Amino acid sequence: MFCFLGLRLLKYITFRTAYATIFAFLLALIFGPFIISRLKKLKLDQILRKDGPKRHLSEKMGIPTMGGVLIFFCVLVSLFFWIHFFNIYFLIVLFVMVSFACLGFTDDLLKIKRKNSDGLNPKFKIYGQILFSFISVVMLYYFGGEHVSILYFPFFKSLKLDLGILYIPFGMFVLISASNSFNLTDGLDGLAIGLSIVVIGALIIIAYLTSRVDFALYLNIPNVKGCEELVIFLGALLGGSFGFLWFNAYPAKIMMGDTGSLSIGAVLGMVALILKSEILFAILAGVFVVETLSVIIQVVVYKKTKKRVFKMAPLHHHFEELGWSEMQVVIRFWIIGLIFAILALSTIKIR
């Protein structure tokens, strides 16, 4: 790591974050074409839902999947140079990223092998998510700081709730929900990664404020000692995500796959847990929450009445069926995601 060079600039979180971001972005631009060509040669193409929008079957055939590999490669290489590895919060987030990426990779691989969109057995998939989330939340519970089991509520200065040992199942719920909601949203070129970039950017701000005693006291938010390394991690993830978006923007040359979406969702959920922003995260990731609710509502109502609330779920497909172009859906969802992020950040001061 560059820290051994003793350069004064490397003591500054902002400097390391900026260069971790730039480094990961440039790595994605450099290695992106190579990884895309390798995935094509290996015939690791995206398997499309047969019950999805019909035009997707012709437009998106033959596009390689497992794009999460590109993101995480760039993130890890960048972090090698810019982060202090032996930080407990970074190690927990790293475990979440790798474990959920492996689960998603297995799911993607089985879809390709079987040539259908079923992938990993849903029971095994949820068991894997439960196992990995349990391990990571237990690690956080026992090695985290003094605030670890306390929930802080936006808008209220002194409203707190100490969950005690119940924080473990609560944390597992946050991780699994975040992982699956990001996965459900990954249905259009640039949609999930663009919304993820908005969430990552907001979490960078929250992580920086939370890491500083002075800002934490002024804003009446918990000061989480040691979380400054998460700012650098999120910076690298932001750079890698921007680099991936370069190739995933319409018309996409690569898809994120479950390798990316399951892992990014879980990672951001874990970061929210560490930063004591669990409730805030629900606002921040508002588009992902709405997308998930649209699927739940569609399934529940259809089972009871045999009628559909939406033309198609998740919600982004509903708007496609209404005649919106893919780019219209994506850009409008990005705008709404940005509004949710601004709303979430504004609550930090309104207490």
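Note: Cβ is positioned from N, Cα and C throughout, glycine not excepted.
According to Swiss-Prot, the transmembrane segment annotation covers 17-37, 61-83, 88-105, 130-150, 158-178, 190-210, 230-250, 254-274, 279-299, 328-348.
Counting residues 6+ beyond its ends, the transmembrane segment (17-37) has Cβ neighbours under 8 Å at 64, 69-71, 73-75, 77-79, 81-83, 204, 231-240, 242-244, 246-247, 253-254 in the same chain. The transmembrane segment (158-178) and the transmembrane segment (130-150) are in contact, since at least 3 Cβ pairs between them lie under 8 Å (pairs 6 or more apart in sequence). Only pairs six or more apart in sequence are counted, and the transmembrane segment (279-299) with the transmembrane segment (328-348) gives three or more Cβ pairs under 8 Å, enough to call it a contact. Of the candidate ranges 88-105, 130-150, 190-210, 328-348, 88-105 contributes the most Cβ pairs within a distance under 8 Å of the transmembrane segment (254-274). Sequence-distant neighbours of the transmembrane segment (190-210) (same chain, 6+ residues past either end, Cβ-Cβ under 8 Å): 13-14, 17, 182, 216, 219, 221-224, 227-228, 230-231, 234-235, 237-238, 241-242, 244-245, 248-250, 252, 256, 260-261, 264, 268, 271-272, 275-277, 280, 284-285, 287-288, 316, 329-330, 333-334, 337-338, 340-341, 344-345, 348. Across the candidate stretches 61-83, 88-105, 230-250, 328-348, the maximum count of CB pairs under 8 A to the transmembrane segment (130-150) is reached by 88-105.
Contact counts against the transmembrane segment (230-250), taken as Cβ pairs under 8 Å, peak for 61-83 among the stretches 61-83, 88-105, 328-348.
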